[in-house]
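> Pasting the relevant annotations from Swiss-Prot:
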type    : residues               : note
BINDING : His109, His113, His119 : Zn(2+) binding site
Amino acid sequence: MVIIQNNIHDLSVNEDDLSCILQKVVKEWGKGESELLVRLVDEAEIQNLNKVYRYKDEPTNVLSFPTDLPIEIDEKILGDVVICIQIVLKESIEQHKSFNNHLMHMAVHGTLHLLGYDHIDTKDAQNMANLERKILAKIGINNPY
C-alpha cells in the first residue's frame, strides 16, 4: 500500500497516479506487498530534514528514510519518501521537463533507495539510472537524464 501525505495541499499532484505507479514499483522490483509513505512537503520542511539527517543545511528534491522497525516486528513497511514539490517544480522548469514527469522520476528514485538501490559509486549509479529509465518508460516517460 502506498499512502500519499500531501502536507502542502498541492492540487496539481495526481495522488492516485503517484500511488498506483509506486505500488507497481514496490511489487515488481521490491518486496511484494509493502507499505510506503510518500510525503509531499515544502522547502522549509525538507531543508530541516536534510540538515538533521544528512547534515546538509539546504533544501533538496527528495529524501528517503527506510523503516527503523526491529527485524523481529514482521511488518512490511519500506519507509518514507519525502518530496519537496517546490524544488521539483523549480528543477522541472530549469531542465525543461514536465512537472508531473519530474515528480514521478523523483518518487521512483526515492522508492528505489528504499528497495536497496543507490548511486554512491559509478556502477551503482548506472544500474539505478538504468532501472529508473526502464520503470519510467513503462509509464510513458522519456529518459529523465
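The backbone N, Cα and C atoms fix where each Cβ goes, glycine too.
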> So which other residues, same chain and not among His109, His113, His119, have a Cβ within 8 Å of the centroid of the Cβ atoms at the Zn(2+) site?
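Same chain, not in His109, His113, His119, Cβ within 8 Å: Val62, Ser64, Gly110, Leu112, Tyr117, Asp118, Met128, Glu132.
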> Output the one of His109, His113, His119 that, of all these binding-site residues, has the highest number of other Cβ atoms within 10 Å of its Cβ.
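Per the Cβ count within 10 Å, the most buried is His109.
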> Could you say whether, by DSSP, His109 (Zn(2+) binding site) belongs to a helix, a strand or a coil region?
helix
